[in-house]
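Visitor: Per TrEMBL, the features are:
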{"type": "TRANSMEM", "residues": "17-35", "note": "transmembrane segment"}
{"type": "DOMAIN", "residues": "19-424", "note": "domain 'Major facilitator superfamily (MFS) profile'"}
{"type": "TRANSMEM", "residues": "55-77", "note": "transmembrane segment"}
{"type": "TRANSMEM", "residues": "84-101", "note": "transmembrane segment"}
{"type": "TRANSMEM", "residues": "107-131", "note": "transmembrane segment"}
{"type": "TRANSMEM", "residues": "143-164", "note": "transmembrane segment"}
{"type": "TRANSMEM", "residues": "184-204", "note": "transmembrane segment"}
{"type": "TRANSMEM", "residues": "236-259", "note": "transmembrane segment"}
{"type": "TRANSMEM", "residues": "279-299", "note": "transmembrane segment"}
{"type": "TRANSMEM", "residues": "311-328", "note": "transmembrane segment"}
{"type": "TRANSMEM", "residues": "334-359", "note": "transmembrane segment"}
{"type": "TRANSMEM", "residues": "371-388", "note": "transmembrane segment"}
{"type": "TRANSMEM", "residues": "400-419", "note": "transmembrane segment"}
């Protein structure tokens with residue numbers, strides 16, 4: 001394998017950017033469907049006549065579905081490859097969007113749940129892909145940037161999910177008018193999802209003609225018999241640095257999931273009737289986070305300071321969460337926009353950092369497996385934090401709920417400081433270049 005990697009022709013493919021853009025697009029559509037209920041939770045509660053917890057479960061279904069299906073899908077990613085996973089993810093995303101069109105009556109809430117569960121199945125085929133696409137298609141000096149852009153799609157989808165639903169679905173009392181507005185949103189989503197699936201069928205390829213880096217050449221040259229999926233998981237779970245990262249990534253991303261799901265309730269509680277502004281605050285969090293993710297990716301490609309960058313971003317996420325917590329109730333929306341933007345820049349910007357740091361700590365293990373374990377941790381903490389913060393908000397208010405998240409971000413910061421920077425992928429690239 002090492003001999004084959006040393007003699008393999010390393011070359012970048014022009015198609016890599018098209019592949020990345022297409023993946024980001026259907027990831028965007030899937031993320032939009034995750035948050036489209038939560039961003040106007042009070043409106044859907046009125047339309048379907050259900051509790052806040054029921055609407056929260058539409059969001060948490062994404063998290064719950066991912067946990068048991070991670071390992072089967074990660075196994076499929078290793079056995080069947082990128083194209084199969086892309087086809088499955090984009091197809092399920094389109095099917096779920098069309099099913100939701102059958103739920104345009106108040107008594108059809110179970111149908112919208114079914115559509116959301118199908119979309120949550122699609123998410124299982126999407127979340128672990130950014131790191132694999134970046135590694136398979138991009139060179140060693142652009143892999144972190146590519147991973148950040150791949151994560152962008154998902155984050156941009158959440159941003160659109162905060163911005164568009166409050167505009168398309170105004171808070172009106174008439175149920176028939178409300179159903180009409182909801183149908184417009186559902187039809188648009190289904191049309192976009194179907195178009196993206198067709199593009200995946202036509203455009204998306206398994207891998208480029210030549211490996212883009214020495215590390216990828218070595219990975220491809222490894223004989224299939226050498227790889228055992230179960231053994232790979234065992235090795236990952238015995239890697240102390242990766243275990244620490246898995247917990248800290250789960251704590252940070254779980255806080256983000258809870259914040260996104262409950263944002264509408266937080267803002268409406270302090271600023272009644274401001275559904276559109278709540279969506280704009282969510283948009284601010286995501287857009288600033290996308291900028292943070294891009295800057296982090298470029299910074300990592302240039303400096304390779306994974307441990308230091310991850311720790312600094314984690315500390316700033318904690319400080320941003322504290323600032324947001326104590327400014328939310330001041331009565332000045334512009335201040336909330338500022339503190340939410342600072343929080344998003346670091347908390348959302350952390351997501352691709354975790355993927356890339358995991359790839360370094362676990363090379364030559366499958367990127368899909370390491371990313372999948374990170375995401376499982378995020379889903380578990382996301383469910384726990386969403387339920388926990390929701391209950392605390394109901395009994396003690398939004399400030400207590402946000403302080404609940406702050407305490408876990410502090411714990412994550414301390415644990416991140418103990419992760420050692422064992423950069424195995426960088427070392428493999430250096431060794432193969434010297435060879």
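Yeah, the Cβs are placed from backbone N, Cα and C, and that goes for glycine too.
Note: TrEMBL annotation is automatic and uncurated.
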Visitor: Could you tell me whether the transmembrane segment (17-35) and the transmembrane segment (184-204) are in contact, taking contact to mean 3+ Cβ pairs under 8 Å with a sequence separation of 6 or more?
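Guide: Judged by the Cβ rule, the two regions touch, with the required three close pairs present.
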Visitor: I'm a bit unsure how to read this: which one of 84-101, 279-299, 311-328, 371-388 has the highest number of Cβ pairs shorter than 8 Å with the transmembrane segment (334-359)?
Guide: 279-299
Visitor: Looking at 17-35, 55-77, 107-131, 143-164, 400-419, which one has the highest count of Cβ pairs under 8 angstroms to the transmembrane segment (279-299)?
Guide: 143-164
Visitor: Is the transmembrane segment (371-388) in contact with the transmembrane segment (236-259), using at least 3 Cβ pairs under 8 Å (sequence separation of 6 or more) as the test?
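Guide: Contact between the transmembrane segment (371-388) and the transmembrane segment (236-259): present, because at least 3 Cβ pairs are under 8 Å.
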Visitor: Tally Cβ pairs under 8 Å between the transmembrane segment (371-388) and each listed stretch (17-35, 311-328, 400-419), then give the stretch with the top tally.
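Guide: By Cβ pairs under 8 Å, 400-419 leads among 17-35, 311-328, 400-419.
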Visitor: May I ask whether the transmembrane segment (400-419) has at least three C-beta pairs under 8 Å with the transmembrane segment (17-35), counting pairs 6 or more apart in sequence?
Guide: no
Visitor: Where else in the chain does the transmembrane segment (400-419) make close Cβ contacts, counting only residues six or more beyond its ends and a cut-off under 8 Å?
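Guide: Hits for the transmembrane segment (400-419): 241, 244-245, 247-248, 251-252, 254-255, 258-259, 262, 266, 307, 310-311, 314-315, 317-318, 321-322, 324-325, 328, 357, 361, 381, 385, 388-390, 392-393.
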Visitor: Among 84-101, 107-131, 143-164, point out the range having the most Cβ pairs under 8 angstroms from the transmembrane segment (55-77).
Guide: 107-131
Visitor: Among 84-101, 107-131, 311-328, point out the range having the most Cβ pairs under 8 angstroms from the transmembrane segment (143-164).
Guide: 107-131
Visitor: When the pLDDT values for the domain 'Major facilitator superfamily (MFS) profile' (19-424) are averaged, what is the result?
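Guide: So the average pLDDT across the domain 'Major facilitator superfamily (MFS) profile' (19-424) works out to 86.
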Visitor: Six or more residues out from either end of the transmembrane segment (311-328), which same-chain residues have a Cβ under 8 Å from its Cβ atoms?
Guide: 248, 252, 255, 266-267, 270, 292, 296, 335-336, 338-340, 342-347, 349-350, 353, 398-399, 402-403, 405-406, 409-410, 412-413, 416-417
Visitor: Should anything in the same chain at least six residues away from the transmembrane segment (107-131) have a Cβ under 8 Å from its Cβ atoms, list it; otherwise answer none.
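Guide: Contacts with the transmembrane segment (107-131): 23, 26-27, 30, 33-34, 37, 48, 50, 54, 57-58, 61-62, 64-66, 69-70, 73-74, 77, 82, 85-86, 88-93, 95-100, 147, 150-151, 154, 352, 355-356, 358-359, 367-368, 370-372, 375.
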